Amino acid sequence: MVRKHGWQLPAHTLQVIAITVFCLLVVAFYAFFAPFVGGRIWEYVLIGVYSPVAILVFVLYVRCTAINPADPRIMSIFDTGVNGDGMVRGLSRNYDETGSQLQASPSVVSRSSTVAGNSSVKGSVEDAQRVESVSRRSCYNPLAVFCYVFVVEDCRKKEGPAEEQGNSEEALFCTLCNCEVRKFSKHCRSCDKCVDCFDHHCKWLNNCVGRKNYVTFVSLMSASLLWLIIEAAVGIAVIVRVFVNKQTMETEIVNRLGNSFSRAPLAAVVGLCTAVAIFACFPLGELLFFHMLLIKKGITTYEYVVAMRAMSEAPDGASVDEEIQNVLYSPTGSATTGFSGGSSLGLPYRGVWCTPPRVFDNQDEVIPHLDPCMVPSTVDPDAPGSEKGTKALKRPVKRNAWKLAKLDPNEAARAAARARASSSVLRPIDNRHLPDNDLSSIGTVSIISSVSTDANVAASKEIRNNDLRSSLSRNSFAPSQGSRDEYDTGSHGMSNLSSPSHVHESVTLAPLPQNPTIVGNRFTATSHHMHSTFDDKVLHRGNDADPLFLFAPATSHLRDVRKTSVVWDPEAGRYVSAPVTTTSEVRNRLLNPSSQTASTQNPRPILPAHDSSSGSSALRDPLPLHQAERRLTYTGDSIFYGGPLINIPTRDTPRSGRGLVRDVQDRLASTVHRDARIRRDSTSNQLPVFAPGGLGANSQTGSNIK
């Protein structure tokens, strides 16, 4: 429930105690203190001094409790003439609509901001007119004028146009109030509203202390301290007279209070009230001195609490800035957990196989164990206290004037700014339309750089895939799903293009060549996407060459990254890891297909070489069925079933050839589920290749799984 002021029910226990003690002390002063000071003159003087102070304390307390310290931009919630629920729903609806427009097209940012600005101006004008009409009607009511003295906010220096413009640019959006608030506003959990320049929530007032009532609060503390000092001083004087002038006091007690009241009860009542006043002076005086230091340093109680909490959680001898830097590398820091693997920031980890996600706790790598229980990725099971499953609650920060005197106000302001930036309730007004995931994962990376990075990564993957397709058009072997050699040696093939380190390498790209050096020979590019079940979703490209297939000049800045692939070695009688040709070798092979011969050191079966004049026709000729079966099936001893895959024919393949290849694919698909097994060779430390086997009547699997 949103609380408008401190007098709104339910009342806090400390508020009731404060009001009760004030009333008892005032009654005790007029009944037991002033009449027994000594003479009528002293009595009238003390009453004349005490009464204004007590009235001032009463007025200031009522005023400080009755003032609504809420942010000016949410004051319409407390207007009785407006339906608060409807306004909140309208704000939420506008917030969602504007957010959806921003997500749909970045080009509408300026237009939506202009519309939002016009609507906010219109709403502010309507609110001002409504408040003015209400104030005019209340001017004719004397009781309303009297109450206005207690509820009007403090007179503070008005902000100039430059400051107002700066506050509007640095405004925040409260997700609980569904409204834009000022930069230094904070949402109070007790009052359930955003308080302008939040200082603290006072339980004795049952109200928040902010910009609108801070002057009244300081004045209340000063007046209360003076009132308690007068109360305690007069009480001490009365107690002294009770024990010094016994006969005189007995006569005065009988004259003022009657025969039923003696000297002992008077001493007890005066002594109790005096003790309460004295004991109340010390914490109140400390609080007033504490706020004097806050005013001198130019910070608020909230900033002091945030700074002290950061210093208490920091290691010994570390400042607030060093503690925050350590938090950035902790598992709970949003700056560390928000970075994605596809960013261009160079993550300090490489692709892993089947290990849990790595977490960096104070720059030390922590790998959680794979326990049966559910363990969050940001929690170290080996850390002490992790068995509780929840983080210990933050200890309350005690008020210490000595620590405040030594505190640097700049550090306190920076700590408060970081606390506001990391708040899940208050969001920057420029980013309030972004989804929560974007806000937590982008971090300090700008949106423009993220978009450009994603575009570079996509272009890099397309270029690498095209290079591999061009090289595989002359080779009947396809790269495997991955090998452990790639991970150990750091080389990356087609299988680990999505690893973080590989993505980082492929982010920096040179611009694509505009004028190719050789345009005489054009090749038909074939793009195919095959799943593990060999479905028939085959995509063919046209005869025209794609711009990504054009040959780059000799001064191209594209890096020739070494890639590996699993191929069959007839001499060794097993599959081995061999480097895939680089982009320059692919260009030479495509330009001079007749010069390519089988290597004796690393024999790799390739398509028969043809001259350049008949190269395109050779590509269009389909392979006979018996040759396809021979190439797809290995009949010797092997640790795997089957052999490499057959290449997908080009678009110009005749209909009869496509039918033969389709039959081969259907037979391969029926064999995969029957004979495919996933095992690992402990001798060669080689990962399995997911390739079909057992094709044909004469094929022999004959492999012994180790």
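Glycine too: its Cβ is placed from the backbone N, Cα and C atoms.
In Swiss-Prot this protein carries:
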- C202: active site, S-palmitoyl cysteine intermediate (ACT_SITE)
- 492-501: compositional bias 'Polar residues' (COMPBIAS)
- 591-603: compositional bias 'Polar residues' (COMPBIAS)
- 697-706: compositional bias 'Polar residues' (COMPBIAS)
- 172-222: domain 'DHHC' (DOMAIN)
- 470-505: region 'Disordered' (REGION)
- 591-621: region 'Disordered' (REGION)
- 680-706: region 'Disordered' (REGION)
- 16-36: transmembrane segment (TRANSMEM)
- 41-61: transmembrane segment (TRANSMEM)
- 220-240: transmembrane segment (TRANSMEM)
- 275-295: transmembrane segment (TRANSMEM)
Local confidence of the prediction over the domain 'DHHC' (172-222), expressed as mean pLDDT: 87
Coarse DSSP state, helix versus strand versus coil, of the residue listed as 'active site, S-palmitoyl cysteine intermediate': strand
Number of helical, extended and coil residues in the domain 'DHHC' (172-222), per DSSP: 9 helix, 18 strand, 24 coil
